[in-house]
């Protein structure tokens, strides 16, 4: 979106596409509203009375403060001088990421280009309250030298988060709510900013990078401020949001009922199946599994999830080419503990892959959480499932051999875990469609993974042994999660203590599996309590978590 108003302080005869009212450019302008600006401002509801006199009429805006238009009217027609060949054309400035519309006389519009802006009476502020018209108002003395600041920080998925921070004595208000001195809150599109008094509305904030909040259900908007898009999938998208009461960041998955229903032969069955899966997943309680916080059933489904700011394991591996073995061990141990918990509660994930493993922070040592239960199945009485689903590269041989027609069990998740561990340790996949001489299906069903000796020279024999015992074609001979947790590579007390310390930091706790004293075939259940977890109900649904 472009801005067309010009600065009163400008002496140039050139018109500018973007606003020149930024103080970083030296001085502010009173808004010289063009018809497009007036239309843009008219989209904001409820500001017409408070903005009276702020934006001039279209007739007023037809004159330039520098006299450019009147000069052009008197210049005789002549050929324009050509630009010398050695002269570089001027490069356009950076596009604004937000715009503040002034609602009162004495205040000016601001296009935000920089990442940080201070507002106040102090001349060091990027937006200084020093205009003569503003000084004559009765509220001028109620404004602090440094009243508030607006800034943005990089969040997950390289998306910026915009905040407003109160530093005033008399208060800064967003949508009539006091922020509080020294406190911050996220600033969403169309927010009203008032100074000193909640009714003294001075600005409307327009985030030029996000959609309008009004497209979301009112009950959702009452509790959450929607922000940037984090990702998208076949059935919807995931957005970052903020809980209004606490300013806590969350992720909200939006499942399109229409798109979801199109994939079902019986649309009437769609809503009950999604709701059933949501209810089951809400009962899962494990520090290494994404937790559903809330659900809104409106025109679409809105599922509120905890936000993992470290991004996907896939991106972490790609960014580092490969992971250190110690880091792999910490992450993989958590994956095993989480999947073991799922299996003991009668759930098979069926789509485990690095994209579905999320990291709690950008730190190398961090918690992981399993997500995307879109392909998950609740085991029935036979403990076998059918249907072909999941990502081909990570599918177990028994799934591909049967084309989804024969039954298969929780061993499919253990195969996928083996593929993930292989990728983390080596930085490349064991099976790939790029091997043109052998099809992906044949590679997997024969168990012939791509082993590059020079890549594995610095990987321990114990780690490689665990990979080999997970990537076994026969599901009956493949290690279970229990057996994998008892593997010598994972008998690392230092790693386990690090995991426990991370849990303490996150205010979580879990009883770790203990290796049996005699044999590795003994079963020791993970001591986690889940109330009301169904264990015999079948469910087929397209996923509640991206």
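Cβ atoms are placed via backbone N, Cα and C, with glycine included.
Here Swiss-Prot flags 351 as active site, proton acceptor, drawing on sequence analysis. Summarising the annotation, Swiss-Prot assigns ATP binding site to 231-238, 253, 306-312, 355-356, 372 and lists sequence analysis as the type of evidence. Feature annotation from Swiss-Prot assigns domain 'FHA' to 117-179; the stated evidence is sequence analysis. Among the features that Swiss-Prot reports, domain 'Protein kinase' is placed at 224-490. Look at Swiss-Prot and you will find 68, 77, 387, 391 tagged as phosphothreonine. Summarising the annotation, Swiss-Prot assigns phosphoserine to 71, 82, 383, 460 and lists similarity to another entry as the type of evidence. The feature region 'Disordered' is assigned by Swiss-Prot to 1-70.
For the domain 'FHA' (117-179), the number of residues in each DSSP class (helix H, G, I; strand E, B; coil) is 10 helix, 25 strand, 28 coil. Confidence across the domain 'FHA' (117-179), taken as the mean pLDDT and rounded to a whole number, stands at 94.
In sequence order, 250, 251, 290, 291, 293, 369 make up the list of same-chain residues 6 or more apart from residue 306 (ATP binding site) whose Cβ falls under 8 Å from its Cβ. Annotation note: residue 312 (ATP binding site) sits in a strand segment as assigned by DSSP. Cβ-based crowding with a 10 Å cutoff singles out 351 as the top-ranked of the recorded positions 309, 351. For the residue listed as 'active site, proton acceptor', the nearest of the recorded positions 237, 309, 312, 372, 460 in terms of C-alpha separation is 372. Ranking the binding-site residues 237, 312 by how many other Cβ atoms lie within 10 angstroms of each Cβ puts 237 at the bottom. If you take the Cα of residue 460 (phosphoserine) and the Cα of residue 372 (ATP binding site), they are about 31 angstrom apart, rounded to a whole number.
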